[in-house]
Amino acid sequence: MLRWLTAGESHGPSLVAILEGLPAHVQVTSDDVADALARRRLGYGRGARMKFERDEVTLVGGIRHGETMGGPVAIEIGNTEWPKWEKVMAADPVDPVELESLARNAPLTRPRPGHADLVGMQKYDFTEARPILERASARETAARVALGRVASNLLEQAVGARIVSHVIELGGVRAPAGLWPQPEDVDRLDDDPVRCLDADTSKLMVEAIDQAHQDGDTLGGVVEVVVHGLPPGLGSHVHWDRRLDARLAGALMGIQAIKGVEVGDGFELAATPGSRAHDEIVSGTDGLRRVSGRSGGTEGGMSTGEVLRVRAAMKPIATVPRALRTVDVATGEAAVAHHQRSDVCAVPAAGIVAEAMVALVLADAVLEKFGGDSVRETRRNAEGYLDTLRFR
């Protein structure tokens, strides 16, 4: 079983991520992790922070000479802006007189609608939002993306599965239906300003972002994660918490700003007659296959062996330049929310984070099904399982 944990704040010295339960000999390097983190910064409409933020990756433990050793993997991602924040975010006490002179330490008492600010202050008994927003920030997803790269490497090396994501909707502009990216499309997608497969749609999405920026607004959208090469039988039908689609949905909903998830054609199936909603099964030269992919590659809480597709809907960024109404909790008076630099749209980056979460869930499911203390053992077990399937 895989377990993962992250720690750290948006403006703290670093983020730390730990992944436990990996077999030995998963090939992974600091360059792999750095590449994944660079992809997280992609996308038209990102804020100024993406221009100067750099992720300093240190593989702290669990990896030797480019291979995991079977113990927990620990990754640290340094914050290059830490010198600006070392007094405000210091772990040890700082002289109150010195803190009062720092503009960055001004109390954040005007909670932002759509953020964790207000309810976090209520729940954890804080008088201002800084202790809440620092951890609630999407900066934390960098740690998950780092772990997701390790999980992705395991999936490819153990069972040959590969993951790719793309943007299918942004600001109300939707790509044509039925476009499913292949693993070889990754570079082309990453070169597109909004990571959309359709060039004409991409141009319209960029125009929508430009208009939102001009209007002082933000935009959301929908990303789709596609997984090729999964074996059938990951997950289980026997308990709710072992169902693969439930685990995927929970992982995606755990990404900041995600408000909805669907597997396959999801909500569209609610309006489709049963005679057309399900993937019929046929027998061909390559064995049993489903003639469509409406289910998204899962049935009964298990992977079917077909292409897996999951979608996540991201709400618009809650830090809106056109400041929203709020209440100053220090005075009880009506006010406008705090505003700081932010993205106009982070939907393309959300796809990279979604890839990471899907990879972590699937890697856990693969190890649950096939076990193994080394990648070779996991791969051998998976191959033996496929060779002995009663129905193929």
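From the backbone N, Cα and C atoms, a Cβ is placed for every residue, glycine too.
In this view, Arg46 (NADP(+) binding site) is surrounded by 19 other Cβ atoms within 10 Å of its Cβ, with every protein chain counted. DSSP classifies Arg46 (NADP(+) binding site) as coil under the three-state reduction. Taken from Swiss-Prot, the feature NADP(+) binding site covers Arg40, Arg46, and the record attributes it to sequence analysis.
According to Swiss-Prot, the feature FMN binding site maps to Arg135, Ala136, Ser137, Gln256, Ala257, Gly300, Lys315, Pro316, Ile317, Ala318, Thr319, Arg341. Within 10 Å of the C-beta atom of Thr319 (FMN binding site) sit 21 other C-beta atoms, taking all shown protein chains into account.
Note: the Cα of Ile317 (FMN binding site) and the Cα of Arg46 (NADP(+) binding site) are spaced 11 Å from each other. Cα of Arg135 (FMN binding site) to Cα of Arg46 (NADP(+) binding site): a span of 20 Å. Fewest other C-beta atoms within 10 Å: among the binding-site residues Ala257, Ile317, that description fits Ala257. In this structure, Lys315 is the one among the binding-site residues Arg40, Lys315 with the smallest number of other Cβ atoms inside 10 Å of its Cβ.
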